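Residues or ranges marked as (2R)-2-phosphoglycerate binding site in Swiss-Prot: GLN166, LYS341, ARG370, SER371, LYS392. Swiss-Prot lists GLU208 with the feature active site, proton donor. Annotation comment: Swiss-Prot describes ASP245, GLU289, ASP316 as Mg(2+) binding site. Swiss-Prot lists LYS341 with the feature active site, proton acceptor.
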Amino acid sequence: MSQIVDIRAREILDSRGNPTIEADVILESGVVGRACAPSGASTGSREALELRDGDKSRYLGKGVRTAVQNVNSSIHELLVGQSVFEQKALDEKMIAFDGTENKSKLGANATLAVSLAAAHAAAAEQKLPLFQYIANLRGQTTLTMPVPMMNILNGGAHADNTVDIQEFMIEPVGFTSFAEALRAGAEVFHSLKSVLKKQGLNTAVGDEGGFAPNLRSNEEAITVILQAIEQTGYKAGSDIMLALDCASSEFYKNGQYILEGEGNKSFTSNQFADYLAGLVKQYPIISIEDGLDESDWEGWSYLTSILGDKIQLVGDDLFVTNPKILQRGIDEKVGNSILIKYNQIGTLTETLDAIYLAKANGYTTVISHRSGETEDSTIADLAVGTAAGQIKTGSLCRSDRVSKYNQLLRIEELTKAVYRGKAEFKGLN
């Protein structure tokens, strides 16, 4: 009864009103697995290709009818008749048929939606929660609840304001359950709104639900968050730590890091690494993502040498969830953590390869959403099923973000999986 009898895809809308792809995998038993592909705003140049139609007469060129057709024809023909329990074989068939380095033939949005839908169908067929099915794929026996990396203040490509650093986040590390950590994060989020209002600042939110006020500097963004933490009654540096996503590739021009929001200040690689080290010394920052440009491996090496034993240095655009590129980072001792975005690589199997390669080499793993999301909450199950340790899924508003948090609450209720808090981090354990 595990045989795949039909695969269907459709064009749906994501949280930014852009088309994305949703796939159904239907089994002989009647079980249906369904999943959606997310979409990024700031993207690494080596990400797997998200196939868009380019037809300006539909959705301003962002339609995904070609990717949908690839599912309904090529992928349908490839996988119908196969056992849904053979996740690796299903994914490898799509990879081989595509035959390109970046899945440009089928589209990573097409392959990912089908890959995840197959996992949903297999879990349902076995009457298992998805997180348990994912755990079983790689023999993961210990399940943990992830520390949420909550993006409560936005800049850069995620907001229309004057702040250069893309995300200012909080991580509630000093709690004993995910539910308590989530509550603390929500309380700080609401406190931040009141802090911004008192200062006459904009409380509109960006793509990921974080506030996007016009602040004078990156440090001012940190300061208002610290005020919100204090106002809520929590202690920054013990209850709650800060995290940054610089998305530095967005302001790296001609070998210089240029902060336009701060009067076009210009930095060399080492100078910008030193600037970040100064922020870490001054503020309770435990994690920095994409501190330098994805091509600046020399700069990354320097950044790792000065901060790698103190805080988490996360590669997103740097590693693009690609095991081959991650292996280079491991070999060259660049970064100490990887952001996992499954649409950067295009299948569940390759995503798991990246996660377990990182874990085997002492790198921490952060499961992440994209700025263009849907109600699909698969990443919550992925975070628990791989004991990844951390999840990054936006702010404490917008149902496309909150759906993941709510799924984690349900999972915690089911499993009693441990919330490790500070123990997940380099520099805190």
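Cβ coordinates come from backbone N, Cα and C, glycine included.
Annotated features, which come from Swiss-Prot, shown on the structure.
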residue	record	DSSP class
GLN166	(2R)-2-phosphoglycerate binding site	coil
GLU208	active site, proton donor	coil
ASP245	Mg(2+) binding site	strand
GLU289	Mg(2+) binding site	strand
ASP316	Mg(2+) binding site	coil
LYS341	(2R)-2-phosphoglycerate binding site	coil
ARG370	(2R)-2-phosphoglycerate binding site	coil
LYS392	(2R)-2-phosphoglycerate binding site	strand
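Residues GLN166, LYS341, ARG370, SER371, LYS392 are listed as the (2R)-2-phosphoglycerate binders, and the farthest two of them sit 17 Å apart at their Cα atoms. Comparing CA positions across the recorded positions GLU208, ASP245, GLU289, ASP316, the one lying closest to GLN166 ((2R)-2-phosphoglycerate binding site) turns out to be ASP245. The Cβ centroid of ASP245, GLU289, ASP316 marks the Mg(2+) site; residues of that chain outside this set whose Cβ lies within 8 Å of it are GLN166, GLU167, LEU244, CYS246, ALA247, ILE288, ASP290, VAL314, ASP317, LEU339, LYS392, given in sequence order. Nearest neighbour of SER371 ((2R)-2-phosphoglycerate binding site) by Cα distance, taken over the recorded positions GLU208, ASP245, GLU289: GLU208. Here the binding-site residues are GLN166, SER371, and the one with the most other Cβ atoms within 10 Å of its Cβ is GLN166. Cβ neighbour count for LYS392 ((2R)-2-phosphoglycerate binding site) (all protein chains, 10 Å cutoff from its Cβ): 30. Cα of GLU289 (Mg(2+) binding site) to Cα of LYS341 ((2R)-2-phosphoglycerate binding site): a distance of 13 Å.
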